[in-house]
Each structure stands twice: as C-alpha cells, then as structure tokens.
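Notes follow once the structure below has been shown.
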Amino acid sequence: MSRLDRIADYFAAEPMRVSAWLRLPLIGLIVLLGSDPNIKMWHTGVYYGVLAVYTASAVVWVAIAVRGQVPDWVAPAATTVDIAAVVMLCLASGAGNTELLPVFFLLPVSVAFQERPVVTAVLGTITAVAYFGILVYYIADGNWDSIPGDEYVTWAALLWLTVFTTGMCFVLKRRSERVGQLLHTREQLIVEAMRADERHNREVAERLHDGPLQDLLAARLQIEEVLERQPDPVLQAVHSSLRETAGELRGAVSSLHPQVLAELGLTAAIRELGRQHAARGTVDVITQLDDVGSPPVQPLVYRAAKELLTNAVKHGRASSIRVELTRDGDHLTLVVADDGRGFDPRDLVISVADGHIGLASLTVPIEAAGGEVAIDSAPGTGTRVSVTVPVDMAA
C-alpha cells in the first residue's frame, strides 16, 4: 500500500476513531444518570448487565480503531450495538429514569461524519422510531407525568436532527469525493508530465545524436586521415580530445533516452545501467532483477535507479552496490543498497532547506505517483533505499 493510500485510509477511518473514543464518556454519562438511588428501576440486574456488555463492546471498538485501518463492518456493527444498548437500557430502567431519553439525540450525530448519508438517514429513522416506542412504553406503563416536556416536540426535534445530520453527511461525502477526484487528477498530471519529459528527452537525444555527435565523428575521421599521411602531435591531441568528447556525448544521449529502455524494457535497462557503473572500475555492482517487462511506470523507476546509483558512487563513496528489482502483484519495488559511508536521513530536511534537493527530487515524484521511498541509513553503515510504485499508475 502506498503512502497516499495509507493517508487516505487513515482519514477515512478517522470518524470511526473519534466516535469510538467519544463513546466511552457517553457510557460514563449513562452510568451517572442511572446511579441516582431514588430511581426505581424495572430490572436493575438487566440494566447493569446491558451496561457492562455495552462498555466491553465500546472498548473493543476503540481497540480496533486505534490499529489504523478500520474494517468496513465495524461502523454498522457499532451503530447497531449503540441503538440496541440504548433501547434496552431505557426499557430496563423503566419509566423512572427518563433522563436516558436525550441519549437518543446523540446516535444520529455519532454516524454523521462517516460519509454515509443512507446509513445516517436509516439510523436516524430507526432512532426516532425507537424513541417513539419508548414513549409509548412509558405512557402505557402509566407514567405520562414522568416524561419531561412535550414528547411530540422532542420527537419532532429528533426527526429534524436526522434530516440535518443526513444533509451534513451528504455534504461531507461530496467533499471527500472531490478530494478523491483531485488526487486522481494529480496522478494523471504526474503521468502526463513524465510522458512530456520523456518525449523532450528523446527529442534532445535525437538532435544531439544526429547533429553535434555526427559532426564530432566526421571531424575525428578527417583528422585520422590527416594523421595517416602526416603524424602530428598537436593533431593527435586534438583527435584524443574529440574521441573523449564523442564518448561523453554518447553517454549524455544514452542518459537522456536510453535505447535499451525503449527496446528491451526496464530490467535490461537497469542491468545495463549497473554494467556502465561497474565498467568505470570504481565500484562493484551486483544486480538481482526480475523480468518485469515494460510497465508504464518504467521511466520513473529507471530514473530512480540512475539517481540512486549515482548517489551511492558520488556521495556514498561505495565500493559495492546491490540492485534488486521485483514485482509483487500491481507494484514494482526497486532496492539499491550500498556499503558506503551512509548518512542520517534526518539531514535530508536540512539539505533541502539549504538548496541541496538530492533525494527530494526522487521522493516527490514517486510519492506524487502513489508510490513511496523508504530510506534506511546511518553514518558508517551504508545506505539502503527502497522504491515502491504502482505498475498501473498510468492506466
């Protein structure tokens, strides 16, 4: 699961977490309302038995909510327990404890922030019906005078609260859907930016290859012809310089648009990238790469591999680098581990503030694309960076 997915799940479950914690003081309030010694309950044992079960269930809801992602069945189950517990408490307490009636007003509010208008409307309706049933029960028991105020006005107020919380829930759901649409649009913009960047790099690479590089090669051939007829140390130095420049230009062209990435896919491209670093003779590169084909996200992963290899050699001063590429379902994972000097990941914030973007230039687009970057490093212990991205981000 990506970082953005975890964030979305966290906020989606937040109403359940809040209501789970608020249910505990509500139970405390019910205990206080039922602790008056002057109240003659219909069945004290049933009352406190239901209260004990309700308290235990509330603790269970809290335990589930604090773990992070909340299963879909928890919210309706908790709501069902709320309604059943309040109704049974009112019945068990008898008409002498009408102070429990206002608790009915808290039930529609408890689900209003779960972004489920239908559930809120159904719960509010059931709560209103249950409230009216309790009133009928009290009246049938001959306790009309014990009911505070005008019971019909109170019942109408409960119906109004149901309509209000349902409307508020509908608005919250609309806003949540809008945020989801914006996140999707953001992902699409990232994809289009990657494609535009790839097209631009390809165009620049083609221009360099067909223009300046060919001119350098032609000039080098002309100098070679002259050197064959008349050796000249100055021309020989120019020839060597042209050969080095042509090699560097070829490397720049390959860096801008690696042909192996376009023709053979991500696995072969990363393997070639490791071979190029190892060929320089300063580092040993070990690759363990699964064949992942040519997924739409391959330009981003290739760019990450290139950046991490460069950092390991240039900044980490590593002598050995291990590169792994795996696919697990709909996610790709790239791992680059080195035996370099390492660093404190907390220093990345300071580096960005000082203008050294470093890994931030890698982290931002990956997280924006729905992936995540995990950095495990410490001074003197080397560095291990894991990059995970969704394969179908461009779908």
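Cβ coordinates come from backbone N, Cα and C, glycine included.
These features come from TrEMBL:
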TRANSMEM  46-64  transmembrane segment
TRANSMEM  84-107  transmembrane segment
TRANSMEM  119-140  transmembrane segment
TRANSMEM  152-172  transmembrane segment
DOMAIN    301-393  domain 'Histidine kinase'
Predicted model, mean pLDDT over the domain 'Histidine kinase' (301-393): 82
Three-state composition of the domain 'Histidine kinase' (301-393), taking helix and strand from DSSP: 30 helix, 31 strand, 32 coil
